[in-house]
Amino acid sequence: MTKENQIVLDERVKENQHLQEEEKLALDAVYLNQITYIKAHWHVWVPTNCHILLKALDSCFLNGDPLGKSKLSVILHVKCSEDYPQRKPAVDLLDPQGLSKEDVQNLLTILRQMADTWEGCVVIAELAHRVREFLTDHTPRPAGSFHDDMLANKVRTEAEKQRKRLDTEQKELELLEEEMRQRNAIEMEKTLNGTRQENETRIIGGRRIVVLSNMPNTQLLISEWTFRFSSNRNPAEGKRKDFAPFLQKLDAVYNEIQKLCEIKGLDQNLVEYAFVHLQKISVSPDQILIQLNVAQKIFSSEENMQDTYELIVQKSNLLRLLAAQAICGLRYLHEASMTHKHLTLGSVWTRNSTGDCVFRFSDFGSMGPLLDLVKMFGDICSGKYVARDEDKEKEYDRRRKDLFQLGTLLDGLILATRGSTYSRVPTPVEGNQNTGTNLLGNFIAKCQEAKNIDQLVEDPFLKEECQSESENIFTPFGGAMSPDGRMLADNVIIRVLGRGGFGDVVLVRNKMDSTDYAIKRIPLNAKSDKLNRKIAKEAKFFAKLNHPNMVRYYYAWAEDLIPIVEETSDDDSSLGAVPIPGKEKIGKKGKLKTGKSLEDKENKANLGGGDSLMPMNLRGLVKDHSIGVDAKEWSTPFGKPEGPKCASRMRQSKRSTPSGGLKHLSECSSDDEDDDDSSEIDWDAESEEVEDEESDDSDEEDEDDGERLVQLNTETSTGADSVFERSTADEDVVFTAESEDLNAKRRESIELMEINTTTTSKSKLAIDVVPVRKPRILCIQMEYCDRATLRQYIDENHCFNAPTEVWRIFSEVLCGLKYMHDMAMIHRDIKPLNIFLTSQNGVKIGDFGLATLEAMSSKGKIVGGAAEKSTSIEAMLSPNGVKSKGSDVHQTRDIGTQLYMAPELFVDELVHKAPYTSKIDIYSAGVVLFEMFYRPLPPSMDRVSTLNNLRDDIKIPSDFGAGLAAPMAGLARRTVEKMLQRNPDERPTADDLLNDEDLPMHTKEDATFRNLCEKVIKKRDGRMNAWLLDKQFKEEVPTSLNYCYDVDICLERAKYNNREVLVETLRAEFCKILKIHSFEKLHTHTLMPVSTALAAASVRTKPVEVLDRSGVPVALPMDLRQNFVRFCVRNSVQRMKRFNFGRVYSQTSANGHPHERWECCVDCIGPQCSSPSLEAELLLVACEMMIGSLPGMKFTLKIGHAQLIEAQIRHLKLSDDVRAELLDALHLISVSDRPHSHKEKMDMLTPKIGAKAANIITKLLIPVEDNFGAFKEKVACFRKKLKVDAARVLVDKAIRDLEEIVGTFKFCRTEAIEQISIVYDSQTCYRPRTFGDGLLFQIQVEKPSTIANNKRGRRQNVLAGGRYDSALLRERHPRDFVYEIPLCISGFGVAMDVVSQIRDSINKSANIPKTPQNHCKVLICSMVQPDGSNLITQKFELAKKLWSMGIEADVFHIPVDDLESLTEHRNRASITHILAVYNTLNEVICKTETSSETMDVDSAISSVWRGVQALDGQSIHMTPCGGGPISSISTPGEAHHHDDHHPGTPVIASKCFRSSVSTTVATTSIRPISATVANLNVILVTSADRFHKVMKEKKRVESQVRNHLTEFVAHFTSKTRIEVLVCDIPADVIKKIVSELTKTSSEAEIDKLFDQLIQKHGKVDLSPLRRQFHITLNGISTGSAQVAILFYRQSDNFYRYLV
């Protein structure tokens, strides 16, 4: 023991004594008269040894135990050692009183467990206190104990709390009600003022509205129901309440609402349920507390009718909408055998009550039962409940109640409106009630009397139009829908979906199938049948379309309208109410001087008196749209956007039309208006086109100015009672009042008209009355997309930073466009507003009002070409229609929506006459794609300028794709730029985009194809499966792919061919070591199932998966042990030690040849009880292999255990998914080429397991180097922190395994292996999917650093492995035989490519040739002959002789001009001799590195033989393998691995060896007498300071040398004296000595060599060997006997023979 260790030990003893003395003082203070110390010598310090008399704690009695009532006592005996508290004390119990033997034993067990737990800490006081607690627990409780008082006080306290709670309960309820009232008032104020914060929860009628963060634009309406009851103060008073019926009904209601939450495909007029939650907090008879939450989904823009009914009731058309949508919702419920049960004002929700007018109804099926439940609960609490059998209400009665409640709701809306101008007065019976218009009152009465909902569907009140123009049944087309027409007879009109220049689109519900449809209504010209046929062309086009991504067409028909002759001015008649006396009346319409009213004149124009088809109200919208300009999408005017006024003037100057004056007046006099104002369709331009086509009609040409002025008035005015008005944004229908400016303009127009009509009264057509004609409309019934438009979807931020959703929508849009373009059709108005989304996330293209045929298509491809040559409506109505040359198709340029129009549509048709193509749709789709990827743009000039920049300069904003990954953003930008090219020919087609492999689009066709392929693939024996595989294998591989597949690996092999040679050398060296340890070589099959490969896949690499002809997926091996495991379980192998060499494969990033690596796999399988010894031998073999293959390198052996990692995972309580990610991260840390800092580990682990867990695990167990004891102590400290028993068990097992493995390994390792540093790291992890059942180890070699100032190089992992028992269980099949004895399997793998690379680097740094010249190799060739002969016979005759002598020879078949041309081949192939046949006379040129001469064949062979002898003389230096010598000239490779010999069988020396010793022994094959071990003279060469130590082991060393050289000495004669110099110098030094010196070397040569070696190997002491070598050589020179000298290395039995 060193002096420092002694000092440390003394300090530790003093510290222990100090702690014991301090503990004694504490014990004396607590147990003064009850503790007795036992000492043998009072003046000498001894460890604590005491008796403590202990009794129960005094707190178990009220006043202590003065009378000694407690009879329980025991003496605690504690005996400590000198190392206490570092070592636990001995504990015993003496003289127990009042305790049974079982209690004493239990107490003693508890105390000893405490001593084990508290090891390292003072524990006597804790033991004594635990004894007193135990006695207290076993002391019987006497009367009047403190425990009884505590219970009594607790009862009194609880009673007082109950009384106070009951006293304050009523006050709390009152305060709660007041708070609710105040909260509702505040909510109402916030709603009206618009001051609500975003994401703030609202409360309406006691119900909360919560914003859903995960569902944008959606809120939850949560109804909270709390049932609370507490019994009276005195439980004995009153009868207990029976809540069993209530609880039973509560469960029934809950189940019913739960079923409502599961309904899919709910009607759009009903509010969907989100969830229902029931929480029974307390259900005892004295205490009831139950909470029930019912959640429904509402939109953020929806408001409850309780807040907005004042705005709704003032407009009769909104009441009609409410009634119609309520009928639709109730009809859905009734057809589904459900009822609403509580249709009140609070269950009605509306969106944009002054705009969109969508009503939805909540609480269906839930509010009624819940209210009944509340009533029942109140009756039970008040004692009024009487149990009775409730008759189940009939379905018929419940439906009637719903209808009655609907009528009550409508009636209440009228009566509850303050300041209403309506009076509930019965309508007179006489006369026509429809004209007297008490329709609402009749409808309400019918609701209260109807027996089923079908009676309400046919009510006249619902057949009135839901329009904004008037409070009557008039359409915006100058007539009223006929109640007997198909529109109203078959459908219920719900609401208007949108309006434009074509007409409008209404949402209807079919009475027969209860399905919603969208019906487009287009006015027909009562004057021109030809024009009507052109208008009907849209329906014909529409009927031809049938595609999942196109809005579906159902039916089309024409319907007559009821002509309007006179209007009433009673604004309220439609509500079924009579005017209240004193109410202000609206004045009559202005009269013309002819006596006709202005309204009559307007009707005349509408019904065909004028040439324009533009309805009156739409004309007002077109001309007066500047009132509310909105920078959204609009359709361009049919003049040029750059100058509409100039273009219109030019058109006016070219022709004179009835509307020409109007256009001149309206356009030229509006210079101050915005030039960008536009509308959907230029109806005046259409009229001009019609006039051009009907120019033969002389009556139309002779219309006078009076008629024009009348049309001026009709075009600039609209109905006075309009509440709907079209905004400039074509997707908006807004509710607004007429502006004062508009009224002023109308008044001015009327005055101007009166003046002009007066001055032109004498004209022949001034005020002629045109007979009234019945107006007609075209109705097109289409599919209704119930979700939204893409415009709304983008504005609600659903597409921003959602590339998957964007590409999905875009792909479906392209599918629809491809379908249209394949049918030679162009949409011409692609924009987000015309792209519709369905509830099933489908995407459909709609609005084909501007569709046309492609001019470049042939007639045979034109859809519907047999009908007429004309195409779409607008194409024929526009004055800019261009008829392409050689085509019957007219094209209109100035159509569509300006922001989405392609640049070629803005070019003047007079300059650019080429027809446009379907590429204009591609351009528009590109703008749509840009909007989906870009942030939502508000409807302002910012949006206009951004989209205009796309068209003008293709200028994409810099923040485009800011929230996307860089590759995705770049892909989106490139796609948009391609689609927005100004040149149409440079834009891709829809088919090009769909087939672009770079775009991540998944169309429905792709999904269908994938489903079909899955079915085919799953049916392996199917006909289609075989066909599919056959097509794949027969598919021709492109030439480029054929070339590129393996070009890289071919070049790499040629570049690093020398490493392949080193791999073969390593294989030979590894075989020698493994054979010594009795490992047998076992080749297993190559391919394996993919499941096996994936189960054991590495962290970074993936297996190479291939498909065989039968369709079975297989994989190439990622390591060589996976199939070995399958071999073992199939053959029930119990014991085996095997190794194998082979290539392993992994995937490459490119589509090329898999990545290949050489691997040496060593494994052993055996019983689990033998696992420590097997694993220790694996460690030993691994170290020997690495030291032998990389001599002189610095190695580090890292040892860990998988169960230590598992214990840490359980300590952190990580889930299975997180566990896998943690193991992968630890694997990357373990195989890293350098140590990681704490920060680097945190950065790698935090994303996997969180910052807290990462901080814990990085500081938990720090690696310990070369000290297993210290590592064991750290693990013990970690074990104390564990709270999970299973984790402690894992730690204990891991430490036991490591202790036994490391002990065996250290016992068996040699001196060379001792130089390897060992690091014990509990977080060592390697390929966790494979090695995860026990020992884990890695060997790292430190590569020299290439940086000058960096002394430490990078660590390279060259070998790793461990235990993998779970692989046996994973691969075992039920048919495999299983032994009763459990098995274990362990192994490791050597990265031979890495080892060869390092070895190559070492050779280069030491200037060692790539291929050592340790054998002779001959190249035979011939010189060029004059006759051109090849001398092939002479060359092979020469080669035959050399081959018979066992000399390696190669024939060069082509004659050469100059031997110098073979220099490169000679160096690469390591050729020693070149024999060139010179002529037919058998003259041969023999060329070596030093000479070149001409000789005959025999002389050449002799020269080669001498070279062989010279090389073999140097190569006779041998090393043992299996007990016998192996010539070092053996060619590396598998042929010389001696695998065919049984381990331990000596290998006979080769022929070359026998010939090489011919200089020493006789050449005859039979030796009469051979040398034995007695000829050996063993000399121990050592330094003076180690001489005595070595001499003690001389006999053991001599015995070792004789045992290993037994067979070697047999090759010498009996007279040969063999001097064996046993030394401990490195093997490479020995090799250098025997290669440079001989027995005849001079002393100067010897000293020179040894001086060089000493200078190069300064740390190696060569002086003793030099001295002994001189002595031995002097003895040889003086003696006459034959002497052989051997240099022998004791540590690894390495030896070399000196020639």
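Note that the numbers count up from 1, one per residue, in the order the chain is shown.
Cβ coordinates come from backbone N, Cα and C, glycine included.
As recorded in Swiss-Prot, the features of this protein are as follows:
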- D829: active site, proton acceptor (ACT_SITE)
- 114-122, K154, 497-505, K520: ATP binding site (BINDING)
- 669-706: compositional bias 'Acidic residues' (COMPBIAS)
- 711-720: compositional bias 'Polar residues' (COMPBIAS)
- 22-138: domain 'RWD' (DOMAIN)
- 108-507: domain 'Protein kinase 1' (DOMAIN)
- 508-999: domain 'Protein kinase 2' (DOMAIN)
- 572-615: region 'Disordered' (REGION)
- 632-725: region 'Disordered' (REGION)
Around R499 (ATP binding site), how many other CB atoms lie within 10 A of its CB?
24
F502 (ATP binding site) in three-state DSSP notation:
coil
Mean pLDDT, the domain 'Protein kinase 1' (108-507)?
76
Quick check: in three-state DSSP terms, what is G120 (ATP binding site)?
coil
Using DSSP and collapsing to three states, where does the residue listed as 'active site, proton acceptor' fall: helix, strand or coil?
coil
I want to verify one value. Collapsing DSSP to three states, which class is K154 (ATP binding site)?
helix
Cα of V505 (ATP binding site) to Cα of D829 (active site, proton acceptor): how many Å, rounded?
17
Within 10 Å of the Cβ of M114 (ATP binding site), how many other Cβ atoms can be counted across all chains shown?
16
Least surrounded among the binding-site residues, given as K154, V505, when other CB atoms within 10 Å are counted:
K154
Rounded Cα-Cα span from the residue listed as 'active site, proton acceptor' to K154 (ATP binding site), Å:
81
Tell me, if you would, which residue among G120, D829 (recorded positions) has the fewest other CB atoms within 10 Å in the structure shown?
G120
C-alpha spacing of F502 (ATP binding site) relative to D829 (active site, proton acceptor), in angstrom:
14
Can you check which residue among the binding-site residues T117, F502 has the largest number of Cβ atoms within 10 Å of its own?
F502
Just give the helix, strand and coil counts over the domain 'RWD' (22-138), going by DSSP.
43 helix, 27 strand, 47 coil
